[in-house]
Amino acid sequence: MASSIDFDRFKVIPLSLTSICSCHSHHLPSTSSQFHHSSTRTLSLSRPRCSISRIGLFLDGSRVTEVSGIPRSIFLKHPRIITAVARAEPGHLFDDESKEEVNKRNSTPEGEISTSELKEKNSQLKKRVVFGLGMGILVGGVVLTGGWVFTVALAAAVFVGAREYFELVRSRGIADGMTPPPRYISRVCSVICALMPVVTLYLGHIDVSVTSAAFVVAMALLMQRQIPRFAQLTSAMFGLFYCGYLPCFWVKLRCGLAVPALNTRLGASWPIILGGPTQWTVGLVATLISISSIIAADTFAFIGGKAFGRTPLTNISPKKTWEGALAGLGGCIATSVVLSRTFCWPTSTLSAVAFGFLNFFGSLFGDLTESMIKRDAGVKDSGSLIPGHGGILDRVDSYIFTGALAYSFVKMLLPLYGV
């Protein structure tokens, strides 16, 4: 509701509205008040030797509710609108024509605005659903195929994600407080990140390659013509770790754990043309359960937060709530247990619960990490590659840390890889 401040009966009082607009001054007739725009972005309203009976200041954070004589374009550029309404004695401050124009503009039904907004939201929702289903089918086929197809697809996603990350680092919100790496360093790091999954599949490990890549990037930063900054080194090293090293664990999980899932009934009847029973390995089953659990966690967290969300989870992402997080945790664990019964892996229900628990916290931590980067960058999405979803990082942020946790759980904590 708009609030008003009334000033009754005053003479020769200048009214200063600071930083309302950056437009040129609009001069009213000589019998009316005049607007003067100073170099300090101050709009002054003065009426020498005129007795003004009443001035009301109406504050509205959404839209102009009452404007008399002042062009509407002045206020539309600013989220917080200050409208000065003045009514003078015998010689009216504003003429009838201006009042009629304002009344006509203010008579726009609110229903039309809400209808257009509703149509836009429905359009965005349709885009999200269509592209989400398309990506789901594509990712499912790539995961089932495995091998070089899975690795090359992951490398392509890593390259795009790395480019988005370094663009976020160069954004105004982050670059104002630090010196970002030079563009050629960002491009080299993006290529190195894309090569890491390929090297992981070829060599079976990535540790030596990551160390060598970090050394090369650090030397390139130290040898640049400009004075090197520590912020350049840290942002580049984190980019190699975040966008390159961590996604490699999905290759190790899907392609490295080649132990057959002996108890999987679905694998026993799998067509020979699609790889036969040997296609169903522990790596494939663990990858499918992990990805499905993350999808369930995001879905249940969204629904639970919308329906019951009251308590904010963290300041990094104000829309996330504890109620939504608990709903996501329950959905993630339930999905992990159901799929473990379907694939007969892992054989222990307790292991399935622990696997779902781990997947949830990995996805939540990855989501919050990317939200922190975007918050510092001052952007809503990391990119615009996927209509209705944003960039690659916006879609895979929940998977970045989860691959490493899932691989470590299966490799180190499950006896006989859960078979």
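From the backbone N, Cα and C atoms, a Cβ is placed for every residue, glycine too.
TrEMBL lists transmembrane segment for one of the ranges 7-24, 187-204, 349-366, namely 349-366. Same-chain residues lying 6+ beyond the ends of the transmembrane segment (230-253) with a Cβ under 8 Å from its Cβ atoms: 150-151, 154, 157-158, 161-162, 165-166, 169, 178-182, 185-186, 189-190, 192-194, 196-197, 200-201, 206, 210, 213-214, 217-218, 221, 283, 286-287, 290, 369, 399-401, 403-404, 406-407, 410. Beyond the ends of the transmembrane segment (324-343), by six or more residues, the same chain brings 261, 264, 266, 285, 288-289, 292-294, 296-306, 308-309, 313, 349, 351-353, 355-357, 359-360, 363-364 to within a C-beta distance below 8 angstroms of the stretch. Within its own chain, the transmembrane segment (280-303) has Cβ neighbours under 8 Å at 136, 139, 143-144, 146, 250, 253-261, 264, 266-267, 270, 320, 324-325, 327-336, 339-340, 343, 345, 355-356, 359-360, 363-364, 398-399, 402-403, 406, 410, 417-419, counting only residues six or more beyond its boundaries.
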